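Participant: Heads up, here are the entries from TrEMBL:
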- 12-31: transmembrane segment (TRANSMEM)
- 71-93: transmembrane segment (TRANSMEM)
- 99-117: transmembrane segment (TRANSMEM)
- 137-156: transmembrane segment (TRANSMEM)
- 162-183: transmembrane segment (TRANSMEM)
- 195-223: transmembrane segment (TRANSMEM)
Amino acid sequence: MILSLFDQFMSPTLLGVPLIGLALTLPWVLFFQPGARWLNNRLMTLQAMFMNWFVKQIFQPMSLGGHKWAALLMSLMLFLITLNMLGLLPYTFTPTTQLSLNMAFAVPLWLATVIIGMRNQPTHALGHLLPEGTPTALIPVLIVIETISLFIRPLALGVRLTANLTAGHLLIQLIATAAFVLFPMMPSIAILTSILLFLLTLLEIAVAMIQAYVFVLLLSLYLQENV
């Protein structure tokens, strides 16, 4: 029984076992796998076209050193999109509404980009903390500010994804509850509310895809600064 609106974001359990593990493994089952034939089917071709377009958009402005991350970021992109889209189905759980999971994605990948920058070009990486031509009196203040902004990056990645998906799910539940309650009393208003719910669902589908793209795009920008 749901006691509050935020109870829908709790990880469901079965016999004391959290089902978030099942939710995380399900997306990999839905991806199309290449067959033994020379020619792929239409769905596999569309998936390959999308992957090629995404890799081209992300890695075109990046140096060759960053192209090693193509498989990792492409897999992360597909994984986040699938989790976000599956969470819009009825009676499902969205793992990406959990801040802990999003931070588990954001922190290691952000830290990897920082370590790569410190290892390959430490002078350039440390130079981001102090812009050229800074007055002497502002040097300590700017170093502190840039250091804080550097460590806020993974938090911004995780909070942005969590907040957008959580807000969308809450709006969908509120409008769906309003349409259900209004239908016996004011059917015309309930129908208008249902139309609004349908439009909001379409918007949430777009948000689910865009937020996954933004998450990976920001990671690629952090990587571009350090390679």
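Residue numbering: from 1, along the chain as shown.
From the backbone N, Cα and C atoms, a Cβ is placed for every residue, glycine too.
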Participant: Counting only CB pairs under 8 A, let me know which of 12-31, 99-117, 162-183, 195-223 has the most with the transmembrane segment (71-93).
Facilitator: 195-223
Participant: Hey, which bits of the same chain come close to the transmembrane segment (137-156), Cβ under 8 Å, at least six residues off its ends?
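Facilitator: Non-local partners: 103, 106-107, 110-111, 114, 128-131, 218, 222.
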Participant: Counting only residues 6 or more past its boundaries, what in the same chain has a CB within less than 8 Å of a CB in the transmembrane segment (12-31)?
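Facilitator: Those are 47, 78-79, 82-83, 86, 92-93, 95, 98, 101, in sequence order.
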